[in-house]
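Per TrEMBL, these features apply:
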TRANSMEM  12-32  transmembrane segment
DOMAIN    39-184  domain 'EXPERA'
TRANSMEM  44-66  transmembrane segment
TRANSMEM  98-121  transmembrane segment
TRANSMEM  128-146  transmembrane segment
TRANSMEM  166-185  transmembrane segment
């Protein structure tokens, strides 16, 4: 039992890297969001972290997967994915579904995150259209990452170790469900307010 609670030296580096990206993302988002409301500053912090993950972590994963596979790579970033591969073995080799989703996530998700950051900071009219699109993409990516494996009985997922299951699979992936869900709700509320303002303004001029 004690071995299940031993994180091991291999987990330390990848977890520290994720924490560093989170710190940088939050710092950038809060700096960009000076003068905005708390909800928008929080959204910017998340979006900066989201973009960093897409470009700095998932981008190299796509490249390494297309030119070979993570297992055989000696690249520094490959150590992170080798560690995550202990929880989900599909990330260690060229799994078509995973790599296809990651290409979409890096290219489309990363680009939309940058556009949304700009839209929030500059107060652009298309902010919530981009926000909804990005959130749907993130949620779709999460669903298609796990649903195919669930339908086969989860042969690639390691659910016996607390770190791999609760931290790598549940927490890290759950964040990309929870926060996009909250941003979708924010967009719903804001669009509803805009509709009511427009409807009430129209009635005044009738």
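Even glycines carry a Cβ here, placed using N, Cα and C.
Within its own chain, the transmembrane segment (128-146) has Cβ neighbours under 8 Å at 43, 50, 97-98, 101, 104-105, 108-109, 112-113, 115-116, 119, 173, 176-177, 180-181, 183-184, 186-187, 190-191, counting only residues six or more beyond its boundaries. Under DSSP, the residues of the domain 'EXPERA' (39-184) split into helix, strand and coil as follows: 115 helix, 2 strand, 29 coil. For the domain 'EXPERA' (39-184), the model's average pLDDT works out to 96.
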